Amino acid sequence: MADLRKRNLDLDSEDDKSLGNKVDLSNTIPSGTDKAPELLDATLSSLPPRWRNWVIRGIFTWIMIFGFALVIYAGPLALMLVVLAVQVKCFAEIINIGYAVYKIHGLPWFRSLSWYFLITSNYFFYGESLVDYFGVVDNRTEFLRALVKYHRFISFSLYIGGFVWFVLSLVKRYYMKQFSLFAWTHVALLIVVTQSYLIIRNIFQGLIWFIVPVSMIVCNDVMAYMFGFFFGRTPLIKLSPKKTWEGFIGGGFATVIFGLLISYFLCQYPFFVCPIEFNEELGRMTLDCEPSPLFRPQEYTVPASLAPVVRMVTGKNTVMIIPFLLHSLSMSVFSSVIGPFGGFFASGFKRAFKIKDFGDIIPGHGGIMDRFDCQYLMATFVNVYISSFIRMDSPQKLLQQIYSLKPELQLELFTALRDSLTTRGILQLPAP
């Protein structure tokens, strides 16, 4: 009896007695892969399960694609709001799994704390973007000027408030679970909030840096499923038994071709290639500019080994290529080769807790996180790629930062720049 009492005291909480070492959430977390509206379910009831799932998945894939197109048509602000909504839903799905795993119910404030940290993180990251791109607007009023000036201090203070709140909420014999969920919450924030922040940063560089990578992931996912469904024979990875080499390779080739085609199409329109900037005269965000050379055809000399072939086709040793297509090729290779590993990671996570999907909001697909597991990995790559190989500070962005300075500092900067340009012979001042 004493040994039994001691073993019970070693447990972190009363819930551990029933949980033991087994974590199976299959009956707790809803699955959406086999879920369908009643009317559609009745219509397809005569089909074999494999084909029924294929049809349901196909229908809702096209619904999501058309929805995505409508959001793009609505403009950058709508895109940002959708990214924020997706982020919140993905966070909710991950956090709900954490609650189910650790079986914490009724502990004071803990669910509120998770959402508090989400709000705090968003305040910091999205505030950074607003300060960076709309500093001129923010500095027009005293209230906003104070928020800009002390943004990081306010963000840090908010986080410290949550940290203190967490410590005060600790309950005896639930310490291990509470600290585990504290870590779970922060990992979810790292995966979801920081990645959605990078997506927003990509959008500001031009809609093409958002549309092309997202479309590539969608294309790769759809075509890998199609090739695997019809031709798949060779298993690819144990984490995802349904993934095949045929689907992986077929989806990769399809993504490269699709990426080049959609990139060429979008490069023709300033709406997609112009960075999002605040126009002070109009008082709003604009997507109007003279497209940079990155999106206009440029003449390239081909390597000597390819010169004879190119000369036979074009009659010269040069070719006209839109530079963005070469960058698009890099993104398509990443989305085809590395992108699926985001899905494999999510599959391993779900297998660890014996769940089929993160949720059931999308029939035939599962939860929002089931569809965006690869997108977040792609968003990070695109942001790093832009920072490393593409981005240059535009005059408009530099002016935003200058306008945020005090008038005397602006005048000092003007004098220093004028003197420097004059000394180097770039600027000639009129004779007095």
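Quick reminder: no glycine exception, Cβ is built from N, Cα and C everywhere.
The transmembrane segment annotation in TrEMBL covers 54-73 (among others).
Residues or ranges marked as transmembrane segment by TrEMBL: 113-130 (among others). Counting same-chain residues at least six beyond the ends of the transmembrane segment (113-130), those with a Cβ under 8 angstroms from any Cβ of the stretch are 84, 87-88, 91, 95, 138, 147, 151-152, 154-155, 158-159, 162, 165-166, 169, 181, 185-186, 189, 193-194, 197, 200-201, 204.
Under the heading transmembrane segment, TrEMBL lists 150-169 (among others). Here the transmembrane segment (150-169) has long-range neighbours at 107-110, 113, 116-117, 120, 123-124, 127-128, 131, 178, 182, meaning same-chain residues at least 6 beyond its ends whose C-beta is under 8 angstroms from one of its own.
Per TrEMBL, the feature transmembrane segment maps to 181-200 (among others).
Annotated transmembrane segment per TrEMBL: 206-232 (among others), in sequence order.
Through the fold, the transmembrane segment (244-266) approaches residues 207-208, 211-212, 215-216, 219-229, 231-236, 272-273, 322, 324-325, 328-329, 331-333, 335-337, 340 of its own chain, all at least 6 residues removed from its boundaries and within a Cβ separation under 8 Å. The transmembrane segment feature in TrEMBL is assigned to 244-266 (among others).
Feature annotation from TrEMBL assigns transmembrane segment to 321-346 (among others).
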